[in-house]
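K.L.:
Take a look at what TrEMBL says about it:
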| type | residues | note |
| --- | --- | --- |
| TRANSMEM | 37-58 | transmembrane segment |
| TRANSMEM | 70-90 | transmembrane segment |
| TRANSMEM | 102-123 | transmembrane segment |
| TRANSMEM | 171-190 | transmembrane segment |
| TRANSMEM | 197-217 | transmembrane segment |
| TRANSMEM | 229-255 | transmembrane segment |
| TRANSMEM | 267-294 | transmembrane segment |
| TRANSMEM | 314-345 | transmembrane segment |
| TRANSMEM | 366-385 | transmembrane segment |
| REGION | 419-446 | region 'Disordered' |
| COMPBIAS | 421-446 | compositional bias 'Polar residues' |
| TRANSMEM | 499-521 | transmembrane segment |
| TRANSMEM | 527-552 | transmembrane segment |
| DOMAIN | 562-612 | domain 'Cationic amino acid transporter C-terminal' |
| TRANSMEM | 564-583 | transmembrane segment |
| REGION | 644-671 | region 'Disordered' |
Amino acid sequence: MATCPRGCTPAVRLCQRLNRLKTLEDDMMATSLKRCLSTLDLTLLGVGGMVGSGLYVLTGTVAKNMVGPAVIISFIFAGIASLLAAFCYAEFGARIPKTGSAYMFTYVSVGEIWAFLIGWNVILENMIGGAAVARAWSGYLDSIFNHAIQNFTETHIMQWNVPFLAHYPDLLAAGILIVASFFISFGVQVSSYLNHIFSVISMGVILFILVFGFILAEPANWSQKEGGFAPFGLSGILAGSATCFYAFVGFDVIASSSEEAKNPQKAVPIATAISLGLAATAYILVSTVLTLMVPWHSLDLNSALADAFFRRGYSWAGVIVAIGSICAMNTVLLCNLFSLPRIVYAMAEDGLFFKIFARVNPVTKVPVNAILVFGVLMATMALIFDLEALVQFLSIGTLLAYSFVAASVIVLRFQPDKTSSKGTASTSPNPNAEPSPARSESQTITEDSGELKQYESFSDKLQLVERQASRERRGVGQLRAYWEPYLGKLLGDCEPGEVVAFCVLSLIVSSVSLCVVLEFGTKQLQLPIWSFSVLLVIFSSALVLSLALIWIHEPRTDSKTFQVPLVPLTPAASILINVFLMMKLSHLTWIRFSVWIAVGLFVYFGYGIWHSKEGMRELQPKDMAARYVVLPSGSLVETVQSVQPDGQVDTSAPHITPSAASTAEEYAGKR
């Protein structure tokens, strides 16, 4: 990152520190964790994270209260919306195979403080999610035994009537979290094996539900006599899609596991696509079976599937469904406990969170401290808190992370490389690496063919400069050559990627404004029709203009890993959907979100900003590097960055070396 020039105000220096980007190492596969996960392992992790209690509870709730049998269409819409976000996660997970998921992706493309806040929200999201699933698991198991566990706890242990706290301590939920944390601390392979077992059982139960359910299906349950296929109309389908969207939350565990994958470049995109496809298929088919077995308006909200088999006279099938439900909840618990410590580890490894959580056990190759500490915290939340009021908080953290990852895809697609091989001044050196003695005598140049060629003599450099000057190549993030005559004077002087970054900000602002007008314009704001229409036109035009300005710049096309198709349209659609869903959340959710953000800012400014490794990296000496520039007069100027004894980098003014000056004059004379 460039140093602040003299005379720069403290506010600008602080802004630079807050928005500094993470420098990626040359060897992206190097890690202190153990790379042992295959494509199958990642796929089952993704399926386990998505196909949980929602399959057994959410389908019946949405079908009865919001959509009817058209819940099938709601799941299709929700699956498509989730696919847009999954594309973005797959690209980052393959290109940057490091743990941390949305936190890491934001850090390398948007800035440090934004990455910290995303990671901070993802931590809370996983903690609440794991605790909520543990309580659901406990309640489901307790219902099988006619609530004997709850009655015993309230009678012989304790109970209380305190707002926001549960009526009794849920010892079973806390116990399952402690036990799961203990198993996960044994290593990633143990976690993967446990997930395999529960996922296989869960998928077997789902197959049983589908086969036996279609045998018992009655098409008359979709007839007009029972209310028809879509009794709540299009508005009900869209409202149901917003709720069904959260059923697919969980695929980001694949990106969180990319640092432990054997071949993340191929495994992450494939596992993301397969797991999302399997989850969507399961939700759609189970919803079809459920609404065909019994009338949608008579579904039991607490255990719709088990109750449907019981009402058809097959009570023994309800036991199988209960087993599948418990196994599915176990997979969700494992995924939460698996991804949460790795996000904490990534933040601690970068110096933004407490260093104790960055320690990796030398035997198991997992961050044991993070697993045990946050496992206990999650168990404490499940023990005492009434999480029903906090569950909705999960959605805002997830949607915010999805939005930032989508924006990061656009920024990084049009951003020149900030890391490169030796010989470039922009690369932060590895402290353990020794500088090459021949760096000042030979330069490694990348040709159009992609091969590396050594130019040993200065005349070779001049020939290279002449050949490159004759070409009209546009670099990544620069204005396309076709638009140069029209917009060159207006945008040509901007740094590569600078216009795109500004347009991404404009895209987010216009998306938020558009969704606010659509959601609150005619109701809370009570805007007249003419002003409502004018605002829609203004914000829609700003959104389209932002996309157009992004499109006329050169994107990155040389990536060998998976890339999101139709950039910037695909990430922009994901941002718009996520923002629209956030506008549907209650005001209490936004208040809780603001409080949690305030706590996060206190942690960041109290610890993270002072211990950031990127901040320390700026104080380290940089490699000496030379760049040759042809001036309009024909002379060649060599710009040198030298290393000072005190470790500070001194960027000297451009100067012409004696050999360079003489050779440049000869070259200019020949021309």
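Placed from the backbone N, Cα and C atoms, the Cβ positions cover glycine too.
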K.L.:
By Cβ distance under 8 Å, which residues at least 6 away from the ends of the transmembrane segment (366-385) in the same chain are close to it?
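P.N.:
Hits for the transmembrane segment (366-385): 33-34, 123, 127-128, 130-132, 134-135, 138, 164-166, 169-171, 173-175, 177-178, 180-182, 184-185, 187-188, 336-337, 340-342, 344-345, 348, 356-360.
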K.L.:
Taking helix as H, G and I and strand as E and B in DSSP, count the residues of the domain 'Cationic amino acid transporter C-terminal' (562-612) in helix, strand and coil.
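P.N.:
Counting residues by DSSP class gives 40 helix, 0 strand, 11 coil.
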K.L.:
Could you tell me the mean pLDDT the prediction assigns to the domain 'Cationic amino acid transporter C-terminal' (562-612)?
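P.N.:
That region's mean pLDDT is 91.
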K.L.:
Would you kindly list the residues that approach the transmembrane segment (197-217) from elsewhere in its chain, counting only those six or more residues past its ends and only Cβ-Cβ distances under 8 Å?
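P.N.:
Distal contacts: 44, 47-48, 51, 55, 282, 285-286, 289-290, 292-293, 305, 308-309, 312, 314, 317, 320-321, 323-324, 327-328, 330-331, 334.
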K.L.:
What else in the chain is close to the transmembrane segment (564-583), if you only count residues 6 or more beyond its ends and a Cβ gap under 8 Å?
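P.N.:
Tertiary neighbours of the transmembrane segment (564-583) are 81, 84-85, 87-88, 90-91, 242, 245, 395-396, 399-400, 402-403, 406-407, 409-410, 413, 507-508, 511-512, 514-516, 518-520, 543, 547, 550-551, 555.
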K.L.:
Excluding the flanking five residues on each side, which residues at least 6 beyond the ends of the transmembrane segment (229-255) place their CB within less than 8 Å of a CB in that stretch?
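P.N.:
Here the qualifying positions are 42, 45-46, 48-50, 52, 54-55, 58, 62, 66-71, 73-75, 77-79, 81-82, 86, 89-90, 92-93, 101-102, 105, 222, 268, 271-272, 275-276, 279-280, 283, 296, 332, 335, 338-339, 394-395, 398, 401, 581, 584.
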K.L.:
Out of 70-90, 171-190, 314-345, 527-552, which stretch touches the transmembrane segment (267-294) the most, going by CB pairs under 8 Å?
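P.N.:
By Cβ pairs under 8 Å, 70-90 leads among 70-90, 171-190, 314-345, 527-552.
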K.L.:
Which residues of the same chain, at least 6 past either end of the transmembrane segment (527-552), have a Cβ under 8 Å from a Cβ in it?
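P.N.:
Result: 410, 414, 479-480, 483, 487, 499-500, 503-504, 506-507, 509-511, 513-514, 517-518, 521, 568-569, 572, 576.
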